[in-house]
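**Q** One structure is given below, represented as structure tokens, and several questions about it will come after.
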Amino acid sequence: MSRGFPLLLLSVFCADLSRGWLQKEPQRSARQEPPDSQDQSCLCHLTGVLDDCFCDIESIDVFNNFKIYPLVRKLSERDFFRYYKVNLKRPCPFWPDDGHCSIRDCHVEPCPESKVPVGIKSGNYNKFSQAAGSDMHECEQAHDLGAINSTLSNQSKEAFADWAHHDDAQDHFCGLDDEMSPEAEYVDLLLNPERYTGYKGPSAWRVWNSIYEENCFKPRSVYRPLNPLAPTRGDDDGEGFYKWLEGLCLEKRVFYRLISGLHSSINIHLCAEYLLDEGWGKSVWGPNVQEFRQRFDPAETKGEGTRRLKNLYFLYLIELRALSKVAPYFERSFINLYTGNSEEDSLTKELLLHILNETKAFPMHFDESSMFAGHKMEAKTLKEEFRLHFKNISRIMDCVGCSKCRLWGKLQTQGLGTALRILFSEKEIKNLPENSPSIGFQLTRQEIVALLNGFSRLSTSIKELHNFRTLLKDHR
């Protein structure tokens with residue numbers, strides 16, 4: 001997939017405090033150091049206050065790089081979070097498939113089910129089958145089911161039955177793969193890392209173009225392409241476009257910034273894990289400073305690199321807020337991150353709760369109550385439009401020709417879709433019973449894995465920005 005990035009930013013438009021609900025400028029982090037004059041002439045620090053929320057970038061950097069990043073990286077290595085079941089063979093619903101990427105590094109190696117922890121396999125089966133145990137066709141399935149039945153409490157079994165009745169018509173912001181589909185396979189995310197594969201050109205351009213041009217609330221009167229990969233044209237470039245964007249309602253502006261932030265994050269991953277050398281039969285991956293410059297240097301992006309990076313930070317705050325809001329769901333003793341290994345499961349949940357407590361302690365969260373807060377019927381219509389636009393984007397991920405790009409694209413859009421559903425389910429989460437199956441709000445294992453791995457990718461992006469700062473100074 002294509003990239004978009006911003007560390008080499010010179011001007012940080014941290015103005016925009018003129019909005020009424022942004023009432024005071026947050027204090028700068030004590031860790032912030034003044035940029036030297038040489039930096040200012042070329043790269044400069046990404047700094048200042050984020051638009052549409054009450055937070056400064058320095059505080060996010062310190063919080064993420066020193067507190068959250070080490071924890072989420074460790075969590076993503078736990079068995080419960082490293083195996084993701086996904087269907088990479090679904091046809092593109094919007095245009096004829098133009099063939100899959102034949103580049104070696106585009107390939108995804110599925111995980112043999114024999115390698116997947118028994119609790120994960122059994123848990124998925126129980127969630128989606130009301131008659132678990134009454135319609136078993138193979139001895140191995142019966143054995144697996146027996147293992148989970150002897151381990152889980154009756155309340156946990158009731159929860160799995162409740163999951164079977166889970167209504168997909170709830171406020172889902174993305175389409176979920178059918179985990180029972182014969183084409184859905186487990187993937188070990190640690191063995192299939194997100195990195196630059198060489199996938200680019202018309203196929204990648206069409207995917208991002210469809211996302212930006214057809215799903216970002218763009219009126220016909222705006223001629224400037226929203227897709228940062230598209231060639232610009234006419235006089236509608238630059239500041240005119242951003243004046244139009246700032247004139248949108250908060251919800252539509254937020255939608256664009258989420259997509260731009262996701263695009264920037266993906267591009268950072270590809271710059272940080274670039275194929276540097278494949279000689280002597282061994283590939284060497286690492287940061288590509290020149291590629292980073294091309295995607296985020298203000299001189300190369302007409303000054304837009306900073307905006308793209310600020311959108312990354314904005315997206316980070318959205319998902320951080322969702323994690324803090326969903327904490328009560330996981331804090332219940334009834335919820336287990338089940339793999340079949342009780343010691344592993346206990347440590348995994350303990351680590352997850354530690355992360356959630358850290359997110360709750362962050363002092364400058366995005367205030368989602370500002371969204372969809374107008375006239376009741378208009379707000380409801382706008383929220384539904386917002387949800388359907390994002391759900392459409394999740395379906396576009398099935399049009400990505402590179403299997404590895406498709407895997408990580410699907411996971412990260414599902415993670416963001418899950419975060420959005422959490423943000424607008426506050427009442428349901430608060431009313432969850434402590435010691436009985438969840439009613440009104442439920443997360444499948446697939447959503448949980450996508451949510452935490454998706455946030456881990458954003459956390460990694462911000463950490464990589466720090467690494468690129470160091471490399472860029474060394475290259476001066």
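Using the three backbone atoms N, Cα and C, a Cβ is placed for every residue, glycine included.
TrEMBL labels come from automatic prediction, so no person has curated them.
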**Q** Determine, on the basis of TrEMBL, the cysteine among Cys399, Cys402 paired with Cys405 in a disulphide.
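**A** Recorded partner, per TrEMBL: Cys402.
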**Q** TrEMBL annotation: Cys106 disulfide-bonded to which of Cys92, Cys101?
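**A** TrEMBL annotates a disulfide bond between Cys106 and Cys101.
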**Q** To the nearest Å, how far is the Cα of Arg195 (FAD binding site) from the Cα of Cys405 (active site)?
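**A** Distance (Cα to Cα, whole Å): 8 Å.
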**Q** Of Cys174, Trp208, Ser260, His263, Arg295, which recorded positions come within 10 Å of Cys106 (disulfide bond), going by C-alpha to C-alpha distance?
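**A** Correct set: empty; none qualify.
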**Q** Rank the binding-site residues Thr197, Ser260 by the number of other Cβ atoms within 10 Å of each Cβ, and give the residue at the low end.
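**A** Taking Thr197, Ser260 as the binding-site residues, the minimal 10 Å Cβ count falls on Thr197.
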**Q** Taking the Cα atoms as reference points, how far is Cys405 (active site) from His263 (FAD binding site) in Å?
**A** 12
**Q** When you rank Cys101, Cys174, Cys402 by Cα distance to Arg295 (FAD binding site), which of the recorded positions ends up on top as the closest?
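**A** The smallest Cα gap between Arg295 (FAD binding site) and any of the recorded positions is with Cys402.
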**Q** Of the recorded positions listed here (Cys101, His263, Cys402), which is spatially closest to Cys174 (disulfide bond) when Cα positions are compared?
**A** His263
**Q** Of these binding-site residues, Arg195, His263, Arg295, which scores lowest on Cβ atoms within 10 Å?
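**A** Least crowded of the binding-site residues Arg195, His263, Arg295, by Cβ count within 10 Å, is Arg195.
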**Q** Would you kindly give the Cα-Cα distance separating Thr197 (FAD binding site) and Cys101 (disulfide bond), rounded to the nearest Å?
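**A** The separation of the Cα atoms works out to 9 Å.
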